[in-house]
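If you check TrEMBL, you get these features:
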- Arg66, Gly96, Asp117, Ser164: S-adenosyl-L-methionine binding site (BINDING)
- Glu165, Glu168, His169: Mg(2+) binding site (BINDING)
Amino acid sequence: MWSKSYRITFACLNTMKSYRYLWTRPYSTFRTTVDSSEVKTFLALAHRWWDEQGVYAPLHSMNDLRVPFIRDNLLKTVANHQPGKPLSGMKILDVGCGGGLLTEPLGRLGASVIGIDPVDANIKTAQLHKSFDPVLDKRIEYRACSLEEIVEETTETFDAVIASEVVEHVIDLETFIQCCCQVLKPGGSLFITTINKTQLSYVLGIVFAEQIAGIVPKGTHTWDKFISPEKLESIMESNGLSVQTVVGMLYNPFSGYWHWIENTSLNYAAHAVKQEHLVPAEGETEELRVQASTNPSMHEELKK
């Protein structure tokens with residue numbers, strides 16, 4: 001009898017948890033994910049975004065990997081696309097867009113893109129650069145704001161959200177991912193590129209890249225903010241995102257090019273898809289709530 005009761009409770013618990021993210025409260029804008037010290041760092045470099053031989057050279061080169069990575073995964077979700085404008089009709093949010101290095105190529109692929117960044121000077125640089133191209137001027141919109149500032153007005157608006165080389169700079173990663181998920185349409189894609197938290201990433205990403213070779217300015221990264229693929233996957237999965245791909249990236253400072261690799265101990269890219277809304281059968285939700293209310297252990301589990 002006890003075994004049968006336990007099996008029923010466990011089954012009900014799993015079903016309730018599968019619906020749980022539908023009842024999650026929208027994110028409150030009281031908190032911020034923006035680190036003010038990071039803002040100061042990027043403010044000093046705002047005028048250098050479009051110098052392809054300067055401090056942002058690795059990000060210019062990274063487009064050779066990240067643009068096709070985003071494009072190809074998004075095209076898996078559409079039956080037909082226009083030649084030359086494969087992302088036409090898609091709405092994309094580029095979070096932490098900086099000077100628009102990734103925003104512009106996505107616009108050229110036909111997408112309607114909103115680029116946001118908390119550094120006003122970055123947005124001014126991005127707006128100036130896109131103004132030279134009338135086509136991009138129509139497809140791209142820039143805003144000087146944080147992600148959490150636009151969550152309420154853009155809930156379930158975007159086909160894709162991109163945070164490339166951003167999550168290692170925020171102060172509240174779980175809230176940041178929650179906001180990303182909230183503005184995505186069901187079935188929409190979240191793309192992230194970032195740095196793993198390993199001894200190797202400290203030696204190469206900070207000691208070598210910043211202090212010895214000067215590939216990026218000193219103080220650009222904080223090792224404690226790096227995140228492992230496993231932890232990032234866990235946070236995404238807990239917010240109703242299904243991780244599709246995690247792949248390693250390697251930058252060669254001598255050639256100036258990036259390459260895909262299997263090892264994720266340094267840089268890596270991740271793609272996750274927001275789960276479609278689960279609609280319980282009529283009466284099923286209430287039945288499960290009643291069972292939870294009459295079973296203290298089950299009720300406590302659902303609160304976790």
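From the backbone N, Cα and C atoms, a Cβ is placed for every residue, glycine too.
The separation of Gly96 (S-adenosyl-L-methionine binding site) from Glu168 (Mg(2+) binding site), Cα to Cα, is 11 Å. In terms of C-alpha distance, the listed binding-site residues Arg66, Gly96, Asp117 place Gly96 closest to Glu165 (Mg(2+) binding site).
Across the fold, the C-alpha of Gly96 (S-adenosyl-L-methionine binding site) and the C-alpha of His169 (Mg(2+) binding site) stand 10 Å from each other.
Report note: the Mg(2+) site is defined by Glu165, Glu168, His169, and the residues of the same chain whose CB lies within 8 Å of the CB centroid of those residues, excluding them, are Gly96, Val166, Val167, Val170, Thr194, Ile195, His221, Lys225.
The S-adenosyl-L-methionine-binding residues named in the record, Arg66, Gly96, Asp117, Ser164, extend over a maximum Cα to Cα distance of 19 Å. The least crowded of the binding-site residues Asp117, Glu165, judged by other CB atoms within 10 A of its own CB, is Glu165. If you take the C-beta of Arg66 (S-adenosyl-L-methionine binding site) and look for same-chain residues 6 or more apart in sequence within under 8 angstroms, you find Leu102, Ser164, Phe191, Thr193, Ala269. Cβ neighbours within 10 Å of Gly96 (S-adenosyl-L-methionine binding site), excluding its own Cβ and spanning all shown chains: 25. The two recorded residues, Asp117 (S-adenosyl-L-methionine binding site) and His169 (Mg(2+) binding site), show a Cα separation of 12 Å.
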